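Peer 1: Here's a structure for you.
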Amino acid sequence: MATTAIMGYRVERRSTRSPLAWALALILAGACALLVCAGLFIAAGADPWQAFAALLKGGLGSKRAIAETMVKATPLILTGLACTIAFRARLWNIGAEGQVFAGAMFAYWCQSTLGDAPAPIQIAAVIVGALIGGALLGGLAGILKARFQVDEVISTVMLNYIIVYALSLLLQNGPWTEAGSFFEQTAMVPDAAQLPILLAKTRLHLGFLFALIVAAFVHVMLLRSSLGYEIRAAGSNLRALEFQGVKITRLIIVVMAISGAVAGLAGAFEVYGVQHRLKSGTLGGLGYTGIIIAILGQLRPMGVVAAALVFGVLLNGATLMQIKSGVPSALIYAVEAIILMFFLIAWAASEFRLRRLHHVG
Amino acid sequence: MNMPVSPAHADATTPRLHVQRLTKRFGALVANDAVSLTVMPGELHCLLGENGAGKSTLSSCLYGLYRPDEGDIYVDGREMRFASPADAIAAGIGMVHQHFVLVPTFTVLENIIVGTGSGWRLPAAEARRKVEAICQRLSLSLDLDAEVGDLSVGQQQWVEIVKALYLGARLLILDEPTAVLTPQESALLFASLRKMLADGLSVILISHKMNEVLQADRVTVLRRGRVVGSVRTADSSRHELTTMMVGRALSIVDAGERSHGGGTILSVKNVSLRDARGVSLLRDVSLDFRAGEIVGLAGIAGNGQRELFEAICGLRPIDAGEITLDGQRLDSCNPHEIYRMGVGHVPEDRFKDGLVPDFSIAENLVLGDHREKPWRHGLTLDVGRLRQAANEAIKNFSIACNGAEAVVRRLSGGNAQKVILARELARASRVLLCNQPTRGLDVGVIEYVHRQILEKRDAGAAILLASEELEDLIAFCDRIAVIFRGEIMAVLPGRQADIAEIGRLMAGGTDARAADKGMSN
């Protein structure tokens, strides 16, 4: 018995989790999150009903609103998937943040060296470049771990800083800086390289469809492929895999590279689908939010898509919420965090139970 | 000499321990169902039962680790309710767990008195006198100033026992105390136990080794949480006790006549192995394995058995020597290639080394071969074929489970071992390596595992079998190699091997016959 008792109570892991208890916990967590958010809105001097209504209307109220929600969800689906792939193998890749930048930068380099190529070739260059750029940075952390036993949490966080500042360097009167511009940004990318718009009069671009395809691909990869089998096995018992002669070092590097490649797509899609130029700053936070998305999605690709869409609603609706009720749109990040916290509490509540210890009679 | 003495209010007719209809539930599982037990002063009482019969739960209730849902515990006639082990210790109950709870960097004396001092002062001087007296009474030579980390496992167990006596135990619970001991050390333990019993101490011995069980005064047999019976050992027999424990009469697995000693399949020549710090793990080990032959490996845990298995499987690079399978050198092959050459490996720790606990039975059955035909179908695993193979294995090996998709984590040790056996026996066309294949398993499953190994032998495979159960090795092995500190001390012919001789070699003694010769010269 290795459990410790605190104030007469002991935390025990349940042997099985009942789906009913899980559903109940989730509903309760949702209600609690709403309550706390309402309190937050009141503190910000707004009517919570009005704020929530505006949030929903802004996120889902019209065809355009829904399209914009999908735009916001696109990079989060990809970074959420990137984290899912690594986390399933118990590799704590905190580097999706940097891998987003690496993907965007490598895609920009590939596309811009092409010059005046036809659109399909330019877009292919963007996608391939994004995959390679993300894979290089993720794979580097993988090599550091596999060959030199450098903890991936440390290396990925450090690489995040390196890559973000490297981009700044390139954009601050550097080779990529837009001629005559005061801002840290490149010139607009050519029309031929921009991702096609899927729905007229909206910003919904090809990247969203692509992200869904990647999600389906990751789903099949994890559940059915030999590589997915090894990823899941590594997440459960790495030693048993080692005993079967599976090359663990290779597996670590491959998983980190694939995780990085998927995150890299998120960066390139933001640049070529939404911003249409590479700026320092606008890509920040996508990778870290991906960690939250992966956890909310329970490390399942379909869950990740759902969680990313919910966050898309929040991010997109925040603007209308600010206009209509005066709640600062930045408060939406607090809402995100509140959702995560209550979700984790719900998870713990359904996985563990508190048992009261009897006292001596 | 102040050995444990019964308190004034108790006399020889008051039971030291009386358990009245104790029930302990874990959710829907009834681990102890109205268990009653009486232990008299000076009695050696054995708790016998298969895994999951409720022995550990009962002893945890007696030691205050669990609180029973129903029932009463009386110690020396007084009703007790233990909220924690501290209460149990105060009531005179001591327990030696299978896994010791000692601080390796503390000395023996420090380990014994840790937690006993009141206030700031450690009662070192009086404690030393008291501990020395206990050791003297038991004729035990224990260096009180040695660091516990430097002691052998057997000595560490003595530290635990002396600690319990120092804390004033009048009832000592020993959980499988001989699992880590050589036969000689076990004999010494029982001799010392007799002395303590003569002083009025009561002992509850948890064991499933019949020769130990039969040394007890009384045996209480548990099955599925219930007491099947409580008998005086003198009035019972090995056969009766086994039948009570298992619930049916067991047929004894007969190794039969050795089919044939064929040609050498696997050869280990002058293999040496060191760890990262340069400590020798295997020293110049040479062993040949012939077709249709079982070679036993006897040794105290941690003397290089694991390393030998891992070296053969390519899991550990060797520093010197060579290992050949059918004449082909294995030293440069990776484990997967070696398994593909017809080698099956049942590893020591089934859940840590052999299985992916979160995977289904079907997925675990192809572990390692998941990139090979016929499991691979293009880029993906052929799920249909996987399930079909799993259903066959579940039927052939009578694995108790909810089907091919059952998660291995939820299986019992015996059923988990059957999953590994199903996988490894299918591979082992040439060589089967079994490291402690029956450890911790129920008698019925042990019988089954032995049959499977013998079948493989009859099919002409070369087999290496390491086991702590020396009786099993003698019954099944054609030759028995004894390993001590990474060195093969001797290879003895199997059926005629003398258990005492094996025991002495396990402790590092020289070959008995060589010693005899030296005497006569």
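Every residue, even glycine, has its Cβ placed from backbone N, Cα and C.
The transmembrane segment annotation in TrEMBL covers A:20-45, A:121-141, A:153-171, A:204-227, A:248-269, A:281-297, A:304-324, A:330-349.
In terms of burial and nearby residues, how do these features look in this structure?
Peer 2: With a threshold of 8 Å between CB atoms, the same-chain residues lying at least 6 positions outside the transmembrane segment (A:20-45) that come near it are 51-52, 325-328, 331, 334-335, 338-339, 341-343, 345-347, 349-350.
Only residues 6 or more beyond the boundaries of the transmembrane segment (A:204-227), in the same chain, are considered here, and those with a CB under 8 A from a CB of the stretch are 67-68, 70-71, 73-75, 77-78, 81, 84-85, 88, 123, 127, 194-198, 254, 262, 265, 269, 272-274, 300-302, 304-305.
Within the chain, the transmembrane segment (A:248-269) has long-range Cβ neighbours (under 8 A, six or more residues past its boundaries) at 74-76, 78-79, 81-83, 85-86, 89, 91, 93, 95-96, 99-108, 126-127, 129-139, 141-143, 145-147, 152, 195, 205, 207, 210-211, 214, 218, 227, 230-231, 234, 238, 241-242, 283, 286-287, 290.
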Peer 1: Counting only residues 6 or more past its boundaries, what in the same chain has a CB within less than 8 Å of a CB in the transmembrane segment (A:281-297)?
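Peer 2: Answer is 75-84, 87, 94-101, 104, 160, 164, 184, 263, 266-267, 270-271, 275, 303-308, 310-311, 336, 339-340, 343-344.
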